[in-house]
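Peer 1: Dropping the structure in here first, questions after.
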Amino acid sequence: NPITLSVVLTSLALGTIFTESSSHWFLAWVGLEINTLAIIPIMTQHKHPRAIEASTKYFLTQAAASALLLFSSLNNAWLTGEWSIMDLTNPLSCATMTVAICMKLGLAPFHFWLPEVLQGINLTTGLILSTWQKLAPMAILYQIAPTLNTPLLLALGLVSTLVGGWGGLNQTQLRKIMAFSSIAHLGWMVSILPFSPQLMILNLTIYLIMTSTMFLMLKTISSTKISSLATSWSKTPTTTALSLLTLLSLGGLPPLSGFVPKWFILQELTNQNTTILATTLALSALLSLFFYLRLTYI
């Protein structure tokens, strides 16, 4: 029904805008709940067991993360008397809030739901899940960045980049590869967040553009597996060539645009005397680049 679809899409947009524009924890939580409830009908519009399973996994994970987020804000309000997002000062609330948002985003080690959910839905819904659904949690992270626990964020970012690179090596499904790519990119964003939130915004913007481009190209050539991508060259050579360039850009290969945020992040981490972290992140990017290059050769 077009009317139902328009209502659901409007709710999806309003939930994200509601969270991004609110300064009160309860209102931000309400926006996230609207966002979660609005995408469930989109995920289940094709009555397939995989889609139902994916939407159930997504709903349970997001509900648990929202409950933890509400607990963190309640605990902080109980101890400090403040409901403002900028006044998250209690250490326990900071830690539990970080875990809650990482669950919502799909950062490692809370990433297990993301590849399975993305594999069970179609490419259009996967595009929404990989791009639009990241905006609201990232907006909260951006606002509370000065008060967060820096070692915890760096540990989560490092684990996410390693899991994102390692997990995509043995995949043949393109949607799962894009899921692990998302995990790795989120790891880069979280790693630079304590030092330079502006760089995180730059990385997020380029990630959104490249991921949207990749999903739209996969939808154009109707490709969900590596084998179908290999046969698309004879049908749509221009689109296939552009998709390969987009994959290499996602991997951060110079001189493509995906290399720019990684370069700036490594430079900033080096300036902050975290050279070991920067080196490990750079090596983990090689893992991601390996399976992107494998797709390119095919």
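Each Cβ is built from the backbone N, Cα and C atoms, and glycine gets one as well.
Curation does not apply to TrEMBL; its annotations are automatic.
Because the structure is a prediction, the values reported are computed rather than measured.
What TrEMBL shows for this protein is this:
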- 22-286: domain 'NADH:quinone oxidoreductase/Mrp antiporter transmembrane' (DOMAIN)
- 25-44: transmembrane segment (TRANSMEM)
- 56-75: transmembrane segment (TRANSMEM)
- 95-114: transmembrane segment (TRANSMEM)
- 151-170: transmembrane segment (TRANSMEM)
- 177-195: transmembrane segment (TRANSMEM)
- 201-218: transmembrane segment (TRANSMEM)
- 239-256: transmembrane segment (TRANSMEM)
- 276-295: transmembrane segment (TRANSMEM)
Peer 1: To the transmembrane segment (177-195), which of 25-44, 56-75, 95-114, 239-256, 276-295 is linked by the most Cβ pairs under 8 Å?
Peer 2: 95-114
Peer 1: Which stretch from 56-75, 95-114, 239-256 shares the most C-beta pairs under 8 Å with the transmembrane segment (276-295)?
Peer 2: 239-256
